[in-house]
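Let me begin by presenting the structure, written as structure tokens, before commenting on it.
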């Protein structure tokens, strides 16, 4: 920096306008002097502006200069190039051709913003056949230098000396060795070029500048600008940097980011390479930062300084010379890894550098979802078969198949299969498509198998060492372990772990920093978030994820499984005595379920929906009833359209003991749990209502049950009574229904089916995809609440209900309760809560917070525009 | 050159060597009319699994026999030279597809970052520039291989026209799908196993890093 300051005086008075007609040296702007000359990224390019910032922050940078956009073509002039060479020599305190402290130059380009498709950097300017060996001796290795040199010569020959590209291609194909390539390219330029490649560094620089600008004008570069919607005539700034040559053991270059992408914590991560800097460092070949002989203190200081300054995670490129670090480039990571973004937002807000709301705003609901990806639920007792490379994210479990053929056969009936192959060829693609996951013995994360698996959205583990497939025996060996075709395995494409057996797949818990942000989000939002949960176990999971209560407890499962015969006896009983006995047994079983559920809920609200399953789920399959009489009664009950038939409140009105029995079990359980000191806020919900009279009748059953329990136990159970709104008629008659209901819960799945007249199972396969392709729908109405039709019914019902009962509690319990856009819609309507499945609860919390922040912003904007007028 | 390159069928019982080779190189056929695959199925060269037709082991052996050029021939030598130039680029195209699907930190690329996607597109152009001279040479010594350059260019066009599936999707003749087929043909033509292929690619890539 001191060198740069010293040079500033005579070279450039600050604020001087730039013009090509000026003296050659005047268009050259040393790193760090752009701002005092009144130049910004428009002239300096993104790189020049970034180097200015680094100098201003007092960080060490590599010596170099910028030829600003608009005058960059002047670098093609010998005088300007000569002045640039001299200036970089002064800035670096070295001279080209000096054997003791050798110097070369590197030419690069940048646009006002970070873009793709810039011409490649041209390094090794100043190198000649006469001095190359000396430099190789200084470095201690030759390959890299010749390789970089060959790349520079290739570009210069094609774009500045007009050697045909195909001639150069052929020569390079015939000459794989870098040193021979340099010789071939030099002789091709002499033979086919407009002139030979000069030895003089300034002339080389001028030619390189011409080559870069010609490459920027090539059809390929123009196509690239068009693809990025950039102006066709976007000007480039050029940069001439010192490339200081030193022994490979103590010199090199590297790249680092401020945070560990795995944990997101502040801790520099990156790698470095010894020797001469190349355009694109080969991936996975560098050494870790802790092998830097001079330590990483200065690097850490630079990263931390930049992070505070930019309020973003940062990445830098650096040069190592004599074990000292200087920066080559630095930028905010535009798209940091998620963990990094979350940790940084939390760190900045804790330090007071960012408001909590701003921190919440930085993380979208979609990102929350991505952080809570499904993974295998591990208990520690798993049988690990092998660990390979994590090639395609996701977790899956299925049975082993060893060929495409078997995969297609076994998967045909819906069995989940995992294709295991030693290596993959095109013949494995059909099998991969039929599988839920892929495991291969060879290949890396960029293998064909991995590319295909990701292309098909399947989890994959590749390169599992020691995996041996024996097709004849139908087995696969993992070292000593043998697994047979048909055995279950589970794999995690994020960790590369493969386990024997079928493990359960579940959602990961939020990392601690995300929990912090979600707590801040809770402080921001108005809309409540509850969970749809049927059992105590599900309630526990959801509460850990931040649910405020249960918005929908379905009671259907209480009648399935081993209790199916009981409900069957209730429905098909030949005589009332048998029916009552079965009912009593059901009530007892439900009582246990409810007690566990309510204990898990604690003092929170819980909405219990009385039985809603369609009748056919409880009937024996035709021909499977125990006797002819029951067969006959079952046949009489079968329906053409069960989903629109004897369901919900309709079934309860026909079998008058069903709801009272359920409600009594529920109220008794509440009394038991209350005795232990917790008081769940009970809400009893009647499903599938479309007539106010239905609701009134069902409400009478529930009240009767409460009275019966009070008489028996002496406990007056506090509860609210409400109804689902899931038929269009219920929505339209919300005012009348509100006279009998203290709350409504919109069952938006059924409401969507009935409003559209869609049968979900049928249209999702046949109709919706085609409608989305045609542009009729932008999203499935089952995933995103249709604001115009279904949403209008919700809005209308809310308005009518509130006109009758102003404080009525309103919620949504369809799957839409977990969709960010639908959540914003519900928030705008002023509903009280949404209820969604457990794994969507964190997403819903964040979505509700973002909705509240947006409303606040809209109000402020409205207020500002109002006061401006 | 034509006859030497294709290596006409030496087993007269095979109904249609071109079809067998095509099925093996593609790995499967989908949506083909029965008239096309019936003869292969009858000859024990193909099997029908639901909507797809797969080659049998016999078909794979037949395709290998049909495609293999004479060992030690000059043709083999020249194709080997092209194959060795192909391998380092083969590594690059897989890196490009990987970068298109996953960001460097391993998270899925959701294509909301135009600059990142444009960078990937640039590296795809690099690959396409690098493979063209190789394929032009190959075409001179392996008849019919010119179709790969045509198909790659077609995929690149579709990709550039805003159909991202045409880079790496296994469900269409994407750049990666065509590339895999080309790779498989080279292996069968030269009689090289996947294991040898992988080792050679690693060696060539490492060597070029210096």
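Sequential numbering from 1, following the chain as shown.
Glycine is no exception: its Cβ is also placed from the backbone N, Cα and C atoms.
Predicted automatically and left uncurated, TrEMBL annotations should be read as such.
The structure displayed is predicted, hence computed values, not measured ones.
Here TrEMBL flags A:1-24, A:251-289 as region 'Disordered'. For A:9-24, the entry in TrEMBL reads compositional bias 'Low complexity'. Here TrEMBL flags A:416-496 as domain 'PEP-utilising enzyme mobile'. Feature annotation from TrEMBL assigns active site, tele-phosphohistidine intermediate to A:448. According to TrEMBL, the feature domain 'PEP-utilising enzyme C-terminal' maps to A:515-851. Per TrEMBL, the feature substrate binding site maps to A:554, A:609, A:726, A:747, A:748, A:749, A:750. Here TrEMBL flags A:726, A:750 as Mg(2+) binding site.
Of A:448, A:554, A:609, A:726, A:748, A:749, listed as recorded positions, those near chain B by the criterion of a Cβ under 8 Å from one of its Cβ atoms are A:448.
Surrounding the centroid of the Cβ atoms of A:554, A:609, A:726, A:747, A:748, A:749, A:750, where the record places substrate, the chain contributes additional residues within 8 Å, namely A:552, A:612, A:687, A:724, A:745, A:746, A:751, A:813, A:814.
Its own atom aside, the Cβ of residue A:750 (substrate binding site) has 22 Cβ atoms within 10 angstroms in the protein chains shown. Sorted by the number of other CB atoms within 10 A, the recorded positions A:448, A:554, A:609 start with A:554, the lowest. DSSP classifies residue A:748 (substrate binding site) as helix under the three-state reduction. Residue A:554 (substrate binding site) falls within a strand when secondary structure is assigned with DSSP. Under DSSP, residue A:609 (substrate binding site) is assigned to a strand (E or B) in the three-state scheme. For the pair residue A:748 (substrate binding site) and the residue listed as 'active site, tele-phosphohistidine intermediate', the C-alpha distance works out to 43 angstrom. Less than 8 angstroms from the CB of residue A:749 (substrate binding site) sit A:726, A:760, A:782, A:814, A:815, A:816, each of them six or more residues away in the same chain.
Neighbour density for residue A:726 (substrate binding site): within 10 A of its CB lie 26 other CB atoms from the protein chains shown. Confidence across the domain 'PEP-utilising enzyme mobile' (A:416-496), taken as the mean pLDDT and rounded to a whole number, stands at 89.
Each residue contributes its Cα atom, and for residue A:747 (substrate binding site) and the residue listed as 'active site, tele-phosphohistidine intermediate' these two points are 45 Å apart.
Each of the binding-site residues A:747, A:748 was scored by how many other Cβ atoms lie within 10 Å of its Cβ, and the smallest score goes to A:747. In this structure, the CA atom of residue A:609 (substrate binding site) is 50 Å away from the CA atom of residue A:448 (active site, tele-phosphohistidine intermediate). You'll find the Cα of residue A:554 (substrate binding site) roughly 46 Å from the Cα of the residue listed as 'active site, tele-phosphohistidine intermediate'.
Each residue contributes its Cα atom, and for residue A:750 (substrate binding site) and residue A:448 (active site, tele-phosphohistidine intermediate) these two points are 44 Å apart.
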